[in-house]
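**Student:** Below you'll find the structure I mean.
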Amino acid sequence: MLDIALLDSTTYRIAAAIICITCLFYSTMMRKRNRIRNRLFLLLVLFTLIGCCTEPLSYLAISTPIPDTIKWIISYVCQMIYYITHYAMALILFLYIVSITGTAFKFSKGLRRLIVLPLILLEIMLLTNPFTELTFRITGKFTYGRGAGLYLAYAASVAYFLAGFLLLVKSWYVINGMKRVAMIYFMVLALTGALVQLFFPQVKCELLCEAIGLSGILIMIEKDDDRMDSQSEAYNRSAFVQDVTAFFKLGRAFKAVCIRIEDLDNYRKLFGYERIDKLVAQIADFLMDNKKETYAYRTGVEVFYLLCTDYSDEDIRALVDRITERFDRTWEYEGSSIRLDTRILVADCPGQFSSINDIFLLDSSSLDGTEKKILIGSDLDFLVRKIEVEKAIGRGISDKKFSYLYTPVYSMDGLKIKLAHMTLKLQDEILGVIPTREFMEVAEGTGFIDEIQYKIIEEVCRFLSYGVDKSDMQMDFVFVPIMSATVIKNEFVKNVKNIVDHYGIDPSLIAFVLKESYAIYAREAMSQMMSSFVSYGIRMYISEYEAGFLGLNTLVNYEFEGVILDIRSIYETDNDNMDNADIVLQNRVNMIIQLKKNVVLSGIDSRLLYDKMLKVPINYAEGDFLSPTITKNELQNRFWHGEHLVITKDGVERLEEDE
């Protein structure tokens, strides 16, 4: 007849065993992506389950009518198995913490051996226990007591526990809040159970505490539903951001492999969402089927990422070749064969890209300038350049490195200086002078564009407030470029009016310049904005006009004062046939005149283009041949002196008003 204490002890273990079996069942049902971490978790659960079974099996054998010798063997072996598995749990817990914090790469081979050494010594001590009784000893018939070596095991477990806790605290920033709670909860439960059993051996609650704590880890950490993409079952964008950020914070080197499926959206329209979602799941299965530890993510409709740690250049090349070879073949689903067009980009991090925003350039940047299907190493220099330009823009804004320059614009009535065209220049201390078009394209894609736009408007208003309204300058107005279609928003008109009113200038001194191509993105918003500004008093001009996005009928309805034509683009396009270029220029100018709008001809950078300009009836002209860009002080001097130009066979002669 079992006594009450024995019955209570067995009950604890049966309850713990049920919890462990449930954890094992549920964990095996889940499709795990982090295989190493999951295996460590399963080992923790399995060893806890084994520990739960040893004592009941021993009691069961003792209660059966078999020879005492066999009972002794079963009882003693159960004790040995219990300690063999339980000694290992502290180390496995430490390794599990290493796995969830992603810090394994920081441990050298020598340090790894040193970490395992205490466990090896304890296991050797345990295996020699039949001769030494260092771990446990026989105190009576089928009863055992603690040996001196058991306290060494407790000391080693405490050391592993503290090392894991310190690692958890040190890597706190790479673990989300739920995982922190789960790990602390389990560690507190395990520590509580161990301490209770250490000081009160008769209360055997340690395994139950561990089982309950492991169930918490299963729910909070091993269950990755919040990190999974529902269609592909790869990790989602949120998980990608979290993991990449953790890698950067930990200083871990890795390769980011971006797989861009260029035509998946077209197939989705053709075959439907359900069928293509099944195809996406096939692709994800293929990408996740790697021998080396690889993390697969779906961050967009047509974008997958692989994060590859501990990959050599040869490993990466083999992986890319494998992916390329698979996508060169068709994907089969429900009788349909689909061949997908892909681009693969491989970034070295943090060597090439050092932030999550940098990495996202891999899937968001245009690849129209290259026909390569695989971009790796120096092939990504254009993206590295974009990142450097973005940083230069940030430095330019914070350190006030932007230069606000002006191009004089001359009236065709005697080539008198009448207007000015505001331009922006960025000279970075690292990259040097960055072309305006280049840094504006980068600024548009990174969110700097709004800030730059308002700084330009404020600078012009400040200049007009002090340099024009309160002086004798005979300036009609200043061209101010709208830098991007993305700034055309409802609040833009309101903000501009506030700036103009703040500086107290005449709105007619400002002429906003909109590119014709903006109509692609915001035709209605563009029309409404022009109407609002014109009614307020600000002039509106259209630049880069090619009659491609705004037809003649549309232009008639737009409230603008004139058009700026770039003569360079016309003659560069028809460089081999000047007569055709002459006809194109004449037709465009005539059409604008028919609309009764002003014509400004820009890009007059040579004597040849100046001579072409003389053949068409325009209102204003600008270009390097007439005058390069100058500072606002130089511009003021030219207006004060009433500069006008005389073109001679030797070039341009600048005269003052009285000359």
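These residue numbers are counts, starting from 1, taken along the chain as shown.
Placement of Cβ uses the backbone N, Cα and C atoms for every residue, glycine included.
In case it helps, TrEMBL gives these features for our protein:
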| type | residues | note |
| --- | --- | --- |
| TRANSMEM | 12-28 | transmembrane segment |
| TRANSMEM | 40-61 | transmembrane segment |
| TRANSMEM | 73-98 | transmembrane segment |
| TRANSMEM | 110-128 | transmembrane segment |
| TRANSMEM | 148-169 | transmembrane segment |
| TRANSMEM | 181-200 | transmembrane segment |
| DOMAIN | 255-386 | domain 'GGDEF' |
| DOMAIN | 386-643 | domain 'EAL' |
**Student:** Would you kindly list the residues that approach the transmembrane segment (12-28) from elsewhere in its chain, counting only those six or more residues past its ends and only Cβ-Cβ distances under 8 Å?
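**Tutor:** For the transmembrane segment (12-28), the sequence-distant neighbours (Cβ-Cβ under 8 Å, at least 6 residues beyond its ends) are 38, 41-42, 45-46, 48-49, 51-53, 55-56, 204-205, 207-208, 210-212, 214-215, 218, 222.
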**Student:** Looking only at the domain 'GGDEF' (255-386), how are its residues distributed among DSSP helix, strand and coil?
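**Tutor:** Helix, strand and coil residues of the domain 'GGDEF' (255-386) number 59 helix, 37 strand, 36 coil.
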**Student:** Same chain only, please: residues at least 6 beyond the ends of the transmembrane segment (73-98) with a C-beta under 8 Å from a C-beta of the stretch. Say none if there are none.
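**Tutor:** Distal contacts: 37, 40-41, 43-44, 47-48, 50-51, 54-55, 57-58, 61-62, 104, 107, 115-116, 118-119, 122-123, 126, 129-130, 135-136, 142, 144, 153, 156-157, 160-161, 163-164, 167-168, 183, 187, 190, 210.
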**Student:** Mind checking which residues of the chain, 6+ beyond the ends of the transmembrane segment (148-169), have their Cβ under 8 Å from one of its Cβ atoms?
**Tutor:** 83, 87, 89-91, 93-94, 97-98, 101, 103, 118-119, 122, 125-126, 129, 132, 134-136, 175, 180, 183-184, 187, 190-191, 194, 198
**Student:** Could you pull out which residues elsewhere in the chain have a CB under 8 Å from any CB of the transmembrane segment (110-128), counting only those six or more residues past its ends?
**Tutor:** 80, 83-84, 87-88, 91, 94, 134-135, 149, 152-153, 156, 159-160
**Student:** Sort out the residues at least 6 away from either end of the transmembrane segment (181-200), same chain, that have Cβ-Cβ distances under 8 Å to it, and list them.
**Tutor:** 93, 97, 100, 154, 157, 161, 164-165, 168, 175, 206-210, 212-214, 216-217, 219-221
**Student:** As a test of reading the model: what is the averaged pLDDT for the domain 'GGDEF' (255-386)?
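**Tutor:** Mean model confidence (pLDDT) across the domain 'GGDEF' (255-386) is 86.
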